[in-house]
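Sequence annotations record features per position, and here Swiss-Prot assigns active site to Asp16, Glu76, Asp148 based on sequence analysis. Here Swiss-Prot flags Asp16, Asp148 as Mg(2+) 1 binding site, drawing on sequence analysis. Among the features that Swiss-Prot reports, Mg(2+) 2 binding site is placed at Glu76.
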Amino acid sequence: MTQPPNRQPVRILGIDPGLRRTGWGVIESEGNRLVFIGCGSVEPPDTLPLAERLLAIHRGLAKVLADFAPDEAAVEQTFVNKDAGATLKLGQARGVAMLAPAMVGLSVAEYAPNLVKKTVVGAGHADKNQIQMMLKILLPKAEPPSADAADALAVAITHAHHRVAAARLKAVGA
């Protein structure tokens with residue numbers, strides 16, 4: 001007879017990177033159960049030079065990491081838009097968003113925006129309102145102050161679901 005897996009809550013930090021507003025959301029996952037822990041955003045002033053904005057994002061995420069002590073992190077991948085310069089700058093913010101948790105020894109998963117939407121809403125082209133409606137169902141205590149914080153919670157939920165699925169596949173030897 002096999003023993004059930006030892007389920008311990010895993011604290012997950014989801015990050016939605018951006019130069020103007022980097023959203024973050026922290027949840028705990030235990031099996032299929034999700035618990036809201038906190039969310040918010042890091043908002044460096046637009047007047048700062050790029051390097052200082054990136055530093056502000058790093059410092060803000062470092063504070064979140066210290067305050068909430070997550071076990072794992074997940075970051076939303078960036079999409080390429082028509083403005084190559086904007087895409088490049090967003091990529092720099094994403095690099096900072098991946099670096100901050102890696103610097104404290106966390107594994108960092110990456111998820112495409114369409115996968116996040118499909119996981120949370122069931123449709124890969126869901127809009128922000130649909131994501132926020134599903135967040136109210138999945139995390140009733142969450143009241144994200146911005147769409148970026150809501151997106152970060154969606155990234156954390158996506159990671160929680162994918163890690164559970166991966167554990168199930170591993171358990172059956174697939």
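Backbone N, Cα and C atoms are what each Cβ position is placed from, and that goes for glycine too.
Structure coloured by features recorded in Swiss-Prot.
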| residue | record | DSSP class |
| --- | --- | --- |
| Asp16 | active site | strand |
| Glu76 | active site | strand |
| Asp148 | active site | helix |
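In this structure the C-alpha atoms belonging to Asp148 (active site) and Asp16 (active site) are separated by 6 Å.
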